[in-house]
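Peer 1: Annotations for this protein, taken from TrEMBL, read as follows:
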COILED    446-473  coiled coil
COMPBIAS  111-122  compositional bias 'Polar residues'
COMPBIAS  138-148  compositional bias 'Acidic residues'
COMPBIAS  149-160  compositional bias 'Low complexity'
DOMAIN    524-625  domain 'DUF7869'
REGION    100-194  region 'Disordered'
Amino acid sequence: MSGHRARMMLQLIAEQTNNFSGGLISEVAAEEQNIDEFCCDNDSSSIQEAERDKPLDTLESEREIDSLCQSNQNIESDVINEIGYASNQEVASHTKVNVENNTYDPHDDTNANNCAGSSSQKLPIIDDKYVGSSDTDSPLDDTTDDPDYSSYESSSTTSDNASKINKKRTIKNPCPPPEKQVRKRKRAPQKWQKNLTKKLRDSGLAYTSVKVTKKSDGSKERELVSREEKKILPACSSEKCRLKCSTKISDEQRHTIFNEYWAMADLHRQRMFIASCISSIKPRYRYLNATTKFRGTNNAYFFKLRDENVRVCKQFFMATLSINSRIIRTVIEKRSDSVGPIVEPEKRGKHENHKKVCEEIKNGVRDHIKGIPRIESHYCRSGTKREYIEGGKSVADLHRDYVELCTDLNKPFVNYLMYFNIFKEEFNISFHVPKKDQCDFCVGFHNSIDEEKKNLQTEYDLHIEEKELSRQEKEKDKRSVDKVTAVFDLQAALPCPQADSSKFYYVSKLNTYNLTIYELQSTETNCFIWHEGHGNRGANEIGSCLWHYLVDLNENKSEKIDIIFYSDNCAGQNKNKFIFALYIYAVLSLENINSITHKFLITGHTQNEGDHVHSVIEGAIKKFKKSSPIYVPDHYVTIIKQAKKRGKPYRVHEMSFSDFFDLKLMAQEIGIKDVFKNEDGEIVQLSKICAVKVTKDNPEELFYKTSFKENDFRSLVVTKSKRQCMPLKSNPILKPVYKKKVGITHKKKASLLSLFTKNKKGVSSMPQYYKDFYENL
């Protein structure tokens, strides 16, 4: 389509729209209903809703424009390309502001007369809803969203207008609500200081800018400059002004115009308003000769009052808006008179030459990251939403593997920066397993303000006192020669297989578990090892390991012994009624076990000798991996047996599914109550207990303490009546909890078996020797 035809098309639309266009500062009005000239929204419900409140003559004109737009939808893009900017700039429907009466009428189509010397054209009002993007990419018409906005209809008295003249102008907080947490914080341009400063400047408020001065040596010097708030300037002199502007517009009206102009707080909207107030005029006489330089087009300046365009001089116009001539020159340069006072939007920093990556390629990156197996945190299962992956690689390593995979599949791939941004901004993934070396309560207390510390001081002092008493209690039990004191803890899951090949990194691992029981007096260590194909890591598995340890201890001791256990407060593994039921069963079944006491270290301060054992094992694993991969859990057995170089080696007990007993069934047969009550009938919460004790003489009672400051144990009955359960003396038999291997998921098994698939060269990632083991999981 030719450029001439495009301009004719736009001029025709502008002429039809001019019949009901006019007004002054209508950009801030939320009530005005607009015509989407280029987009032509076909939603009948929204059109009907907008048409209900419009006059008949306005509706007829708008429907004519709608019809014209719909018949030319095929040439829409060509029209936009011809005018050269802003595909969504449009001619707005008619609105009107009466400044003196302080009323707002969006549907008045009265035509105002132009002053002498100007053409008969009316001053078009441009609807800010369809003008285009502002410098801050915020919606141009935000009056309906601004809680502080009040329309002209909200006040009708002159006294209200006077009170608004000196009202302090402010801007609303542009910061968006917080978004979903990811690994890296997303950019928030609304919070950037330069954008906040820009918003203050566009609102006419005081702000601080940076003045950059370039020195002779090429260096730059930056200086902070304070800019004052915009204030209305004195009007032109009525004696010297040819148009007598001061007699046409009062000071109150000037203040209203000034406040509404700066209330837009948007550079593009302000330019659109200025463009609507400027009209090109043709002088009656022009004298030219060969030596006279041709002057530019003359311009007339107007403010609309009482439905009439009131012409003012340029000095009065600039003083009322508190602007300089530079802004006017910019508006005139960017204005397109062919379709009305539409100003070209700001283009600085908004070029469209950015390289865009196809969304399908980005989805390939997301699928690659999602395909990395997650590792459950041993210490923070419920305390964090972060996901964890094996720490043997970095983001750069993952990107190299991704590029290699895409190259093999002959697919396009992104560069490292794009991969890194997606990894950090869309996922909450960490490479290491967090270890809580510090207590959450202690850290929170130290980070609290003074007032919060005063409220928490008593609780904190008690917490620290209990921590010190628990450690003193452990040292005291350690020195007891007539007792066996041991600490036990479950080590973080040991994944296998492990190798340097990148293919091992992207398969789901088989987790191997290691429960360590360390005797404080003899420093003897027992390690009970099993993998997830044989059992889980709940109370049944932990209790079964303790049972095997107690049986072994009972056989090796010829005299009655008292046993003291120390552990953390994990309710699912250590601190529950099933473990207590095991202790009751043990003192009844094992002849040499006289009593069992279980003391729980204070939460956040559960460091013990078992952590040193785990550290030694982890060091041995790291050293072993330098020379050979770890293919099966049996390799961990060998590593742990050889981990300790001095003293007694660690005793390793390989557990099978048949070695785990159903402690929950046993607790039911014994008749362990669901709710524990002490001798006073008070309910005792297990979370408040710091120590429990079971004796052979009183197996029906569970002795407990809620503080290490207490010298004596209190008792509570944990078993039901003999009518409701099997008598304790009958010694119920421990029954296996699993009749066969627990197995693993089909997805994990398929992932592991993929390591045995041979490549084009006939070589597999893992030796075929271990294939039978993984097939039988």
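Glycine too: its Cβ is placed from the backbone N, Cα and C atoms.
What does the local environment look like for each feature on the list?
Peer 2: Long-range contacts of the coiled coil (446-473) within its own chain (CB-CB distance under 8 A, at least 6 residues past either end) are made by residues 439, 599, 601-602, 605, 690, 707-709.
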Peer 1: Which residue counts does DSSP give the domain 'DUF7869' (524-625) for helix, strand and coil?
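Peer 2: Taking each residue of the domain 'DUF7869' (524-625) in turn, the totals are 48 helix, 22 strand, 32 coil.
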Peer 1: Over the coiled coil (446-473), work out the mean pLDDT and round it to an integer.
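Peer 2: Summing pLDDT over the coiled coil (446-473) and dividing by its length gives 91.
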